[in-house]
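Q: Please find one structure pasted underneath; my questions will follow.
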Amino acid sequence: AQLRYSVPEDREPGSSVGDLAKDLGVDVRTLTTRNLRLVSESGQQHFQVDLAAGVLLLDSRLDREALCGQSPTCSLHLQLVMENPLQLHRVEVDVLDVNDNAPQFPKPEVVLEITEVANPGTRLPLEVAEDPDMGSNSISTYELSPSKHFALSINVRGDGVKMPEIVLEKALDREKVAVHYLTLTALDGGNPMRSGTARVTIHVLDANDNPPVCDPPVSKVHLEENVPVGTLVTQLNVTDLDEGPNGDVEYSFKISNNAPGKFTKLFSLDPRTGEIRTKAPLDYEESNAYEIAVRARDKGSPAMEGHCHLRVELIDINDNSPEIVLTSLSSPVQEDATPGTVIALIGVKDSDSGDNGQVRLQIAKELPFKLVSSFKEHFSLVTSGPLDREKASGYNVTVRAVDSGSPPRVTQKTFYLRIADVNDNAPNFSSPFDTAHVQENALPGTSVFSVSASDPDEGSNAKLSYSILDSGVQDVPISTYFRIDQDNGTIYTVRALDYEQDKVFQVPVEVKDDGSPALSSTTVVHVFVLDENDNAPTIVYPTVPKGSAFHQTIPALAEPGYLVTKVVAVDADSGHNAWLSYQLQETAEALPFQVERRSGEIRVAQALRETEDPHRLVVEVRDNGIPSLSASVVIIISPEENSMQDFAKSLDLPKSSPKDTNLTLYLIISLVSISLVSCVMFALMAARCL
């Protein structure tokens with residue numbers, strides 16, 4: 001919004017200038033919470049805001065003449081900044097002139113000279129009175145005290161300044177009156193009217209009766225700013241009808257009180273030729289026109305002078321680059337900010353005028369932002385699309401200001417806008433399931449596997465913690481078998497595992513971030529228990545009490561190859577640890593028997609003698625583990641006459657014996673279990689590779 005108020009320059013400090021809350025449509029009670037701030041564009045604070053009443057107050061007495069000089073208008077520009085939401089309002093306060101200054105002449109007494117042969121109509125220029133007030137309060141007219149010979153004439157200069165001149169109305173006679181005393185009064189148009197006076201003393205001189213004449217008396221020149229120093233501005237055309245020294249003219253600047261001595265620093269005047277040249281760079285932005293008064297004076301006695309008035313108007317060129325002012329910046333901005341969110345307030349100004357001072361702002365099209373014009377020379381940078389910190393954590397925003405001059409001038413300003421993270425991404429495991437292996441009987445606290453998850457968010461939104469989701473294994477919580485380090489995701493055993501009891505575990509792991517609200521994801525770790533040779537073979541046949549021997553009879557005339565009996569053993573382990581081999585322990589004497597290494601069958605190795613004593617055999621069953629475990633059984637074989645047995649009798653097991661059925665069942669279960677575990681492992685490995 002843009003507000004406009006006016007205040008007279010003589011208003012007392014503390015006076016109300018305007019009701020901001022009412023004009024802005026803002027509740028007075030919210031001004032404090034919205035952190036209303038007043039910023040003066042000129043850098044000087046002349047006003048203050050009463051937050052309780054919501055009004056703009058005068059902080060100090062204003063002096064329009066000190067603030068704006070001779071400018072026809074006097075405005076002070078303020079900016080009101082409010083937050084939550086961020087808003088910028090522009091306030092323009094017009095300082096109204098009051099008639100607080102009386103006209104004043106540069107000198108209290110003016111001394112003029114005029115030849116006695118001067119013709120009626122001769123003009124004597126007078127010094128212009130100064131009144132710092134403007135408009136109707138400035139100088140309105142001049143008055144001259146009554147005189148028989150002189151009258152007052154008022155001319156209006158090109159810039160509107162009234163120039164008083166004394167006009168000779170009746171021929172002079174120096175012998176009658178050598179000096180004339182007059183009073184010049186300057187009156188302003190204020191109410192009440194103010195005035196100033198100067199005493200005018202006119203000396204009547206003899207001889208040189210033709211003053212230099214400037215043709216034309218008032219001229220205008222147009223000149224581009226920044227022309228090279230020494231450029232010819234103009235050459236004055238002055239004529240003097242006298243001859244000799246009375247017609248020899250010298251030129252000099254006539255200092256004006258409007259800009260005392262200012263133009264003399266910028267222009268030089270040749271006293272002989274009347275050429276006016278530049279002697280310093282000219283700047284349109286500092287002043288767009290200069291009024292130059294030149295005095296042309298002859299060398300007569302008494303000398304006569306004429307006055308030339310030259311107005312130099314500068315032509316603006318595009319010599320100033322635009323200026324970008326970053327009034328406010330909200331950084332960082334949340335990545336979930338809605339389109340249209342105000343990010344920054346940007347002002348722009350160009351000291352040039354016309355098209356040279358018309359500025360447009362641009363930003364890169366690929367940025368998710370756009371510029372919105374708030375009011376003249378003020379823009380808002382707002383979001384134009386969704387933001388994603390994971391794709392871009394920040395943006396280098398380059399604002400480019402281009403004016404409309406020819407050629408155009410460009411200024412750019414770059415600032416960094418950081419994007420703040422919100423918890424919009426859940427943690428993610430690299431795989432929905434993983435496979436791990438652990439030896440059975442491993443000590444509690446053994447590291448099994450380390451799961452790893454990633455979260456593209458940052459800060460607390462990316463701080464991850466791991467946990468095991470409790471699920472039962474045979475009604476036993478999984479947490480009684482495994483635990484996980486919540487910081488690094490390493491899974492440890494809680495107790496020793498038994499392959500013969502549980503061969504594989506499914507451990508569900510959850511990872512959760514520390515955002516608000518927290519996001520999570522899960523994975524499953526398949527932990528396979530690797531068998532260890534911790535079970536010795538068990539002899540299931542023949543069954544004998546510990547420390548006893550199994551007695552077996554055979555025919556005394558049994559031939560080599562005769563099946564005496566068969567030792568059957570099982571091993572609770574699996575794989576190589578369950579591969580069994582049978583052998584006879586060595587004895588001092590050679591035995592006429594042998595045992596099959598794989599089957600455990602004991603056969604006659606050589607023919608027996610008719611009178612053969614009983615033989616004591618120790619059969620050892622050993623597995624293939626490392627280290628190898630074993631079991632043994634003692635068998636006493638006694639040859640007997642007429643002892644004929646079939647294999648079933650020799651085993652003392654009927655073919656339909658329940659023990660034989662159980663043995664077969666154990667072997668089938670072991671084979672099926674090993675096959676299933678192998679298939680599961682192959683399937684998991686294939687799926688992971690895919």
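Note: Cβ is positioned from N, Cα and C throughout, glycine not excepted.
Keep in mind that this is a model prediction, so the values were computed, not measured.
Reproduced below are the annotations present in TrEMBL:
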- 6-105: domain 'Cadherin' (DOMAIN)
- 106-214: domain 'Cadherin' (DOMAIN)
- 215-324: domain 'Cadherin' (DOMAIN)
- 325-429: domain 'Cadherin' (DOMAIN)
- 430-539: domain 'Cadherin' (DOMAIN)
- 546-656: domain 'Cadherin' (DOMAIN)
- 663-687: transmembrane segment (TRANSMEM)
Q: Which residues, given as numbers and ranges, are at least 6 beyond the ends of the transmembrane segment (663-687) yet have a Cβ under 8 Å from it?
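A: For the transmembrane segment (663-687), the nonlocal Cβ contacts are 433, 435, 503-504, 526, 528, 540-541, 568, 570, 574-575, 578.
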Q: Would you mind splitting the domain 'Cadherin' (6-105) into helix, strand and coil residue counts from DSSP?
A: 13 helix, 38 strand, 49 coil
Q: Can you break down the domain 'Cadherin' (325-429) into helix, strand and coil residue counts using DSSP?
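A: So the domain 'Cadherin' (325-429) is made up of 4 helix, 55 strand, 46 coil.
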